[in-house]
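Taken verbatim from Swiss-Prot:
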- 5-188: domain 'Guanylate kinase-like' (DOMAIN)
- A12, P13, S14, G15, A16, G17, K18, S19: ATP binding site (BINDING)
Amino acid sequence: MIVPGNLFILSAPSGAGKSSLINALLKPDNQASARAMQVSISHTTRDARPGENNGEHYHFVSVEEFKKQISLNAFYEYAEVFGNYYGTSEAAIDAQLSQGIDVFLDIDWQGAQQVRMKKPGVTTIFISPPSKEELESRLRGRGQDSDEVIASRMAQAQAECSHYNEFDYVIVNDDFEQALLDLTTIVNNQRLKCRQQSIAQQSLFSKLLNIEAVEPTE
């Protein structure tokens, strides 16, 4: 029997290190990599950029198709950003979870609120910078944004951080290796929940209890 995958949401202000943590988590040599994991691929109406492939970076669709999917209630969450739509397909996520794949959604706090309403069992994680000063230093260290853009990102970061207490877990990314260990621990913790183990270890407990099957507990 396939053990259903877990759904995780990771949210963070720009510069907190969320993308780096996700990439490190998914590396084959990570402690959590014994089980299949994948970052969700969003649907979007924006044009593909050079080097982006349909189905790999995004699912590129027309505005008409996206709005049709909205009318069908096909998204766990969606938003319009700078005139383009972005959304997370409910059917695609559920298909991956049913195959035993742990799925990670890289979305903001507003998207997290939408997903929680549809899937209360989702595990939500907020990645926080260690300080305003460090966050600004990281943003400036990229060398790609003007002072005006950095000021805007800092204001947006404050708005993002004001919702930290809506999440199940908070990781402060001060030391990257420690933050990665914290994230890995959360993922492994969810896999050890009784609901998961009663399926994964069904044969074991059937033998221990001398019964044909053990019904998963809520």
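Any Cβ shown, glycine's included, is placed from N, Cα and C.
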Query raised in the report: Which residues, same chain and not among A12, P13, S14, G15, A16, G17, K18, S19, have a CB within 8 angstroms of the centroid of the CB atoms at the recorded ATP site?
Result: I127, P129, N173
**Report entry** Structural state of G15 (ATP binding site), classified by DSSP into three states
**Finding:** coil
Requested in this report: Across all the protein chains here, work out how many other Cβ atoms are within 10 Å of the Cβ of A12 (ATP binding site).
Outcome: 25
Report summary line: For A16 (ATP binding site), the nonlocal same-chain Cβ neighbours (under 8 Å, six or more residues apart) come out as I127, S128, P129, L135, A157, N173
